[in-house]
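Since the structure comes first, as structure tokens, the remarks are kept for the end.
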């Protein structure tokens, strides 16, 4: 089955809340009825790369039962603050029956529960009472709070999600304090009309409409007695089942936004090419002059050496905290391979619209399977620098924990917050055990195997530095403040961040909003630009650092390359306070907590790219000059 969005054009205006924030979201296309999350559980497989997850699509006969599931409910502005549908006093079955979900769907907060709605294939229902309800004052208050916080619900029919609002608010002024008051009208929708399009024995799409004439005024504090009702209409269509997702993908962004997106990324790509081209030309001309000057100095040996050649005896001196440094490089190589694999799978359309949680599942599996990369790179680099008989086990342990341990600690905190709020965002205990088993039985063994292979490949191979390191470190001359480390790190992150700034907005709107991201080709271009710019800017700053006779480039190149992560996290504050409309402790902690981890991952990955580029550059320029071996 493939979850599809409800057709925005067929939904009643009564589903649109009257708050200014929701009205702006609707104009931007960021509206529950225009959401594009969910899709068929098709594949997540590459023989030895991913496991296969699939779900059979429903085939129905006339009169056969079609189960309608209630998935979740929550504030529209807070995509992670989701609760069980029956946390609100709707008509609930006497015994809740949950549908089995995959790991990725559970991580998204999906908990589909059977409802009391009775739908039969191709059988219309003109009007039917779902149940009779008597709302106590406390239950009325829950509905009023939900309407005030702009709650939307998600139902599932044949894996097709259906979105709608719990109710609507009528107020002369906006209540920014989000407090229930007596001057505002709170209307609860009590009747829903389901329109189901079918093609022969397949369901193609589902729409829901709230009847604006059948709504209940909850403004009074008295006890409310009413009926929840519904109607069902089956409509034949010629759209084939294989294309039932195609029309929903186009709603991810408006056509004008799509064109602006392409123009923006092309503009960024051209600017990046020009900047990197100018930087490469300038750097090549400077290096050419340096090589000519050093060649003349070799002929006139009495002339004193200056610049980066002067520190040839210190440039390959091992950095402090070498095991930690090598572990960071190994972890960065693993994260880089993880991102590359995810992008390749995305470009191959394995994460098609609405595949619920498929990317989360893929990320977990790929991270486990690429653990050998971290072990191999970290152990190999450490043994090449210090010898294969050195204590490389410490580096191996660090490479297996530098990222997972902060991730685990943050997850424990955020999962505890979700449990305290009784939110479906809390991952069930069974799923946590599965992830721990994957880490223990797959990630750790592959990390150890990779480390052993890296150590064995390092046997008989030294670092092969172009210049011999002197025993006594050379004193580093003082420099002005704008040529010191912090300023260099700031400058190193600004240019790569500016190259991906526009794309970052669309990613945030998808991950922390309700838009669907399908332009993975553009994302791949943006990633390539990010890698190129990071490499060039780190190499340039490494050269400027060596030119002022500062040989401490190892850690500096790591921080310069990874400094884009600091800019990404700074952008989070701008997005949260200026663009999102998110509120509440649960959503705030989820946003800043997980974005801190994402920025940390970006820091490690891009720092590794910066160091690798600088290492190649430094080895090349010192091989090109005459120095003591």
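In case you wondered, yes, glycine gets a Cβ from its N, Cα and C as well.
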Quick test of your reading of TrEMBL: among 292-318, 427-453, where does it put transmembrane segment?
427-453
If contact means at least 3 Cβ pairs within less than 8 Å, sequence distance 6 or more, would you call the transmembrane segment (489-508) and the transmembrane segment (520-546) in contact?
yes
Can you see whether the transmembrane segment (358-383) and the transmembrane segment (260-283) are touching - at least 3 CB pairs under 8 angstroms, only pairs 6 or more apart in sequence?
no
With a cut-off of 8 Å between Cβ atoms, can you find at least three pairs linking the transmembrane segment (395-421) to the transmembrane segment (260-283)? Only pairs 6 or more residues apart in sequence count.
no
Mind checking which residues reach the transmembrane segment (260-283)? Cβ under 8 Å, same chain, six or more beyond either end.
253, 495, 498-500, 502-503, 506, 519, 522, 525-526, 529, 532-533, 536-537, 539-540, 543
